[in-house]
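Peer 1: One structure coming up, written as structure tokens, with questions to follow.
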Amino acid sequence: MLAFRNGSSHPMYFILLGIPGLENCQFWIAFLFCAMYIVAVVGNITVIHIIRIDHSLHEPMYLFLAMLAVSDLVLSSSTQPKMLAIFWFHAQEIEYHACLLQVFFIHAFSSVESGVLMAMALDRYVAICFPLHHSSILTPSVVGKLGATVMLRGLLWVSPFCFMISRMPFCSNHIIPQSYCEHMAVLKLVCADTRVSRIYGLFVAFSVGGFDIVVISVSYVMILRTVLGLPSDEARLKAFGTCASHICVILALYIPALFTFLTHRFGHQVPRVVHIMFANIYLLVPPMFNPIIYGVKTKQIRERVLQGLCCKAP
């Protein structure tokens, strides 16, 4: 039976089931998730530290990369510690306000991450299509304003989610059949008309994700036109190489995110275990892969990491 706060229709806590259908495997799955989380934390902190101390990396691409690393840290840390506690210690209860905070951080920083990827696509567009004017167009002031705009957009667009949910009454059911609190999962427990909240969720998804995807697509169409017009194969390969890591990061974020979004709203025939595994991948795989991809592809970061490892070696 769900316990409600005195004089309130808000529950005191929710129950997170983890991965329904894989209860007997969750203990062992947690080791994989823990390893991925450690890689994500160590990798992103390393990227942030290298960019912070190396003044030669204070360029638009690396500053955007540092913003992406911060976003990845927040995204993974907002869900993974609680998820591991569920899998290893059966700590399935999550306090009502902690659940709303998870909703806020997940959606706000997913928006921030998408916005940073859009800004990085614009940076690649300017660097390849207008190489002589890159430094004068993307000045530190412009980069700061882009980063602030992306951050404010995420915070302001997502805040109404939590505000609307906090004003709605909940039913006696307090079980969330997944590993973390997500907007649609919490909304399904509300005993009221949720059409406004659902419509607003679609508006945010399309106005944020849709806008970013359009800008990224247009940027890469223009980049492709410019690259194909380069005189030599070597120049074309070099230009494509500078974009390869960014394209990998974009695909790692948007493919599982799109699957999770569509499954929540329309994929009623999709097995729940598949949906929940993709929902976990969406919040854990990009933060783990992003520093690896950029660490391998970016010469300055790779050399800094190797230099640090050599200095520590006996």
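Cβ atoms here come from the backbone N, Cα and C positions, even for glycine.
All annotation found in TrEMBL is predicted automatically rather than curated by experts.
Summarising the annotation, TrEMBL assigns domain 'G-protein coupled receptors family 1 profile' to 43-294. Here TrEMBL flags 27-50, 62-80, 100-122, 142-166, 199-227, 239-262, 274-296 as transmembrane segment.
Are these features on the surface or tucked inside, and what touches them?
Peer 2: Within the chain carrying the transmembrane segment (62-80), a Cβ under 8 angstroms from the stretch's Cβ atoms is held by residues 33-34, 37, 40-41, 44-45, 47-48, 51-52, 101-102, 105-106, 109-110, 112-113, 116-117, 119-120, 123, 140, 143, 147, 150, 179-180, 249, 283-284, 286-288, 290-291, 294, 298, 300, all 6 or more beyond its ends.
Distant neighbours of the transmembrane segment (100-122): 61, 64-65, 67-68, 71-72, 74-75, 78-79, 82, 94, 146-147, 149-151, 153-155, 157-159, 161-162, 165-166, 180-183, 186, 204, 208-209, 211-212, 215-216, 219-220, 246, 249-250, 253-254, 257, 283, 286; these residues of the same chain sit at least 6 beyond its ends, with a Cβ under 8 Å from one of its Cβ atoms.
Listed by sequence, the residues of this chain that lie at least six past the ends of the transmembrane segment (142-166) yet keep a Cβ under 8 A from its Cβ atoms are 10, 60, 63-64, 67, 100, 103-104, 107-112, 115-116, 118-119, 122, 183, 186-187, 190, 196-197, 200-201, 204, 207-208.
Sequence-remote contacts of a segment are chain residues at least 6 beyond its ends whose Cβ falls under 8 Å from one of its Cβ atoms, and for the transmembrane segment (199-227) they are 107, 111, 114-115, 117-118, 121-122, 124-125, 128-129, 153-154, 157-158, 160-161, 164, 183-184, 187, 236, 239-240, 243, 247, 250, 254, 257, 261, 265.
Remote same-chain partners of the transmembrane segment (239-262), defined as residues 6 or more beyond its termini with a Cβ less than 8 Å from a stretch Cβ, comprise 68, 110, 113-114, 117, 120-121, 124, 127-128, 205, 209, 213, 216, 220, 223, 226-227, 230, 275, 278-279, 281-282, 285-286, 289-290, 293-294, 296-298.
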